């Protein structure tokens, strides 16, 4: 039996709930402050590409996930076509000693996409035309392989169009490059497709030097738009699942500001070469 005074008045309950809400908000704010504190301050004696890498290690949370399940197989996403080509070229069964086997490269690309399509994935692919300057830094065979893959996609979709069918995979050719100031090509594509994440790599497979630095910075650039990045290099088949790493955007706005400044510094450093 409940006696008078055993149950707190409604006003007291409301106050307690408000205090709990405030505590939760304070905990969340503390988490954000912790993530900001872990982002290193810019040291001019450290090369900017190394600074970006240090920031990435400290501020970016990486989770191994079954991305088609965790995000949902019905959720659309975008694939960076250049990361895909580099991923195919890094296939350990590719024989480069006797000349690059283009059919094998095409097979690796198609097999990778097929694994996702079989699991009801919904995605588009994009290529930045401006990335050609990065490919020219690599060997001639790699430049040719990229051209072959792009041509393969275009011819496949053209044949399907003539047969009255829709494209098996939509491929978008974006003008310019992501590092172009004021470039709206990728933001427009993101607005059009509404991807839950981007499939790319934190540095193209097999890349070195400035190509590696700039293709890592592309992921940092995507994070500035609060986009998650699922890495191709870490793809692992596990039965009906595809596991990979999800690189989550830095949580704190000040950390993102540091990334933005450093990415711009890196691009400006290489601007004469990229022009």
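Glycine too: its Cβ is placed from the backbone N, Cα and C atoms.
What TrEMBL lists as region 'Disordered' is 1-43.
What TrEMBL lists as compositional bias 'Acidic residues' is 11-38.
Over the domain 'ATP-dependent RNA helicase DDX60 PIN-like' (66-155), the average per-residue pLDDT in this prediction is 92. Here TrEMBL flags 66-155 as domain 'ATP-dependent RNA helicase DDX60 PIN-like'.
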Residue distribution over DSSP helix, strand and coil in the domain 'ATP-dependent RNA helicase DDX60 PIN-like' (66-155): 52 helix, 13 strand, 25 coil
